[in-house]
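> Take this structure first; my questions come after.
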Amino acid sequence: MTLQAIKYNNGDLAIIDQLQLPHVEKYVTIHNSEEGWHAIKDMRVRGAPAIAIVAALALASELHGLMAHDKLSPEAEDVQTFVVEKLRYLVSSRPTAVNLSDAARKLEVVVAQSARAPGATGKTVATAFIQAAEEMLVKDVEDNKKIGEHGAQWILKNSLEGHGKATVLTHCNTGSLATSGYGTALGVIRSLASADSLQHAYCTETRPYNQGSRLTAFELVHDALPATLITDSMAAALLASKKAGVNAIVVGADRVAANGDTANKIGTYGLAVLAKYHNVKFLVAAPLTTIDLNTKSGDQIVIEERLASEVTSIRGPRDNTGSEDVELVTVCTAAKGINVWNPAFDVTPAALIDGIITEKGVMEKDSAGMFHLEELF
């Protein structure tokens, strides 16, 4: 059974606290937009599709609570203003992820249209928002499964010529923990496994935040898929290994520019360079909401820089053998006083990408080496 990282029912929202994984599987309840903002900023939830869904549902939960306690303004315009302000606040929690800003824009349109409707009230505007947010949750899962199927079929056709099983390397976490369910790049691996076409999956540790070792490895073990964890610095040796026989690298995306340049977790660019040298297919898996046609190229993408402590220390459980309680501790791993550069993302040039997998299919470059992503819309 695929992991369920986001649980939502009629205003009740709970998410797996990813800061506790893989040591403790604990759900955290989100009641309002402020708690949603902190869950995203503190990386209790991460992954571009997931944070968009959690942000929308956090505000939906807040509106449910206001209506339940009769604290919602009866005026449609007041509720519209309230929702727009909260959405813009939520977007500030992770500016790099286009899914979040895209979802916010769409939801602003929903409440604007609802507020202009004849007889509109605060309740009708709030209800329209809640319905739209809940529909986003359902659609994201459906889109992820389509992405998985399209990606699996492409790999089998283009990397294996229709014969044998695929061995795939992935980076960071792009599964149920990064989306509303199933996953994007990890969804491709799941689809290969469902078709009995997965030979083996490799996942990178993904320093410095270890999303690969903490989260992707957790999902692969949870789903009982044949998988192996490597450190980031082992990727070149893995691709060079005939024994490993990696057929494709599949990664997710936080933002895809109009020309195909892709911002994703730091280390993605390096994997793309290695893939090109070793003649291994390099694919980006992302829903259409991740594609930003207003961003013409990767040099326009704002890259978030994070705390130095993420590089100079590591967090994990104290080894209390035989104890059911897990005590998480932070251990320093670097010389004190050293300067640190910690960009959360890098940009992979479109020239290094063989295909971009969306819910509509796999977009490839034309004979001139150009993506035409506008054709997907």
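Using N, Cα and C of the backbone, Cβ positions are placed for all residues, glycine too.
As the structure is a computational prediction, the values presented were derived from the model and not from experiment.
What Swiss-Prot shows for this protein is this:
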ACT_SITE  Asp254  active site, proton donor
SITE      Cys172  site 'Transition state stabilizer'
> Please report the Cα separation of Cys172 (site 'Transition state stabilizer') and Asp254 (active site, proton donor) in Å, rounded to an integer.
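That comes out at 11 Å between the alpha carbons.
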> Could you tell me which three-state DSSP class Asp254 (active site, proton donor) falls into?
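DSSP call for Asp254 (active site, proton donor): coil, neither helix nor strand.
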> Measuring CB to CB from the residue listed as 'active site, proton donor', give everything in the same chain under 8 Å that is also at least six residues away in sequence.
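Counting only residues 6 or more apart in sequence, the Cβ neighbours of the residue listed as 'active site, proton donor' under 8 Å are Ala48, Thr96, Ala97, Val98, Asn99, Ala263, Asn264, Lys265, Thr290, Phe345.
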> For Cys172 (site 'Transition state stabilizer'), what is the tally of other C-beta atoms lying within 10 angstroms of its C-beta?
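Cys172 (site 'Transition state stabilizer') is surrounded by 29 other Cβ atoms within 10 Å.
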